[in-house]
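According to TrEMBL, the features are:
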- 2-210: domain 'Glutamine amidotransferase type-2' (DOMAIN)
- 2: active site, for GATase activity (ACT_SITE)
- 98: L-glutamine binding site (BINDING)
- 287, 359, 360: ATP binding site (BINDING)
- 361: site 'Important for beta-aspartyl-AMP intermediate formation' (SITE)
């Protein structure tokens, strides 16, 4: 894993100041503690920070060959096969790593090289006055870019790399704040710093000298519109085979390797398949919580014993709130998934003994593991029974009259369910994955902010994505939208920033794109079967894992922030209403912020996640904008 940065002049080949490139990679030194490099030529400059994983002494970057230069972050898991294919075509390799495959692959295939890569990556190639930027299919690795006042294009793995460039203007984007308060993260098509863009997952950008900077082009998508044929037994066997291939390809490393183990289905499945392939004990680690209802250590320990792993654990409590400034520095943009606290801690724990760790991320999105898919499917069946105007009249009226019960599990929150049934499926699902509702955001935003937004709503992104999804049914559409937004915006951002902050490479075997493509073809009834998410995966893993692991209620990697804000962190919640950083934006009604902090503390309402959002927003804006 590494950090990359660069500057390209698409107008004329103006000289690039190497000190600017150096500043951009120095800001990302945590991504590559093992070395750095800078390369410049007329009109272009690349920089690189390296975390050595394969070919430890070779493959320095930026790497040049015959007029081509690359700077690259990630891992290409099929590089050996591609290397052999390219060598057969006459390519001569000077190193043993995967970086050189990108150079020879570009020379042989151009942009279609991307179709051949199996891995996680973000890279830039310079070729005779052209800049080619690319990001992996699912967005495991990040890539930001910006067009600057001098006509240049600058790029970097992380936002902090771009902010080290003196021409990047630090102006906050109000729409990104709306996105963040709605979703809990700033999505891939937005950025808190106005003008900065993120190259979306599965896209590339080709900038040619003498031409305007074009829009990125998509080279990959996941298709839910086709269906695989076969029995559950046959498809389950194929599923495990593909999972096994994903795990084994990600176990190749020249440094110590291990796994995160929560005791849930996904990480347990990864550890089971690692143990099957490893002649040595797999190194595993887990994080527990000081709130019993959130603590999965007993389950993780049971799996560790079953596979005789070298297991470590650590407990996270309210006193770990002190890590918040570390998280803010790691994420740059505000990030409200409070499990980032625990993810940072498990990464730090893993880094004590390994340099690479495999995770179970991605199975929930690929195989319908979240409970919200069950609710969405049930609600969509009801929506199909009544015309829209009747649903809005009947369910909307009942929902408004029914008492609110935020404290109850969702199936018992009749008010929320009735209001959801009155909405379209896309709107209801967008709200189910969100944090702060449009109604509460309307109260929290000042009149000035509401006017500035001009009717813009973050939920419309989900509505549009689900409407255009290559899908057959409600589950398909919800999964597709999550793969496009939630997965890269929340899950993968969280793992990348927290792992890179401690110099750890995290790998996601269940996000092998071939596995994701296969899962999308499974009948919906094999993904979600009688309310059981990831049903086919669980059924197929029965020979490997006990049923009390496979079929226990999903807990999730959830940090107990709501309880903390009613206890040890109550003063932090109340302090938000007095924040100069938030107040001086003119975007928020500070009285409403004070009210929700008090309502939450008194137990009259559940605002824990919204309060956490504002804690992170306040710290992020203070750090970024002063």
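Each residue, glycine too, has its Cβ placed from N, Cα and C.
Recorded features from TrEMBL, shown on the structure.
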residue	record	DSSP (3 states)
2	active site, for GATase activity	strand
98	L-glutamine binding site	coil
287	ATP binding site	strand
359	ATP binding site	coil
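Cα separation, the residue listed as 'active site, for GATase activity' to the residue listed as 'L-glutamine binding site', rounded: 13 Å. Taking only the Cα positions, the spacing between the residue listed as 'L-glutamine binding site' and residue 359 (ATP binding site) is 22 angstrom.
Around residue 287 (ATP binding site), the C-beta neighbours below 8 angstroms that are at least 6 residues distant in the chain are 262, 313, 314, 315, 316, 342, 345, 346, 349.
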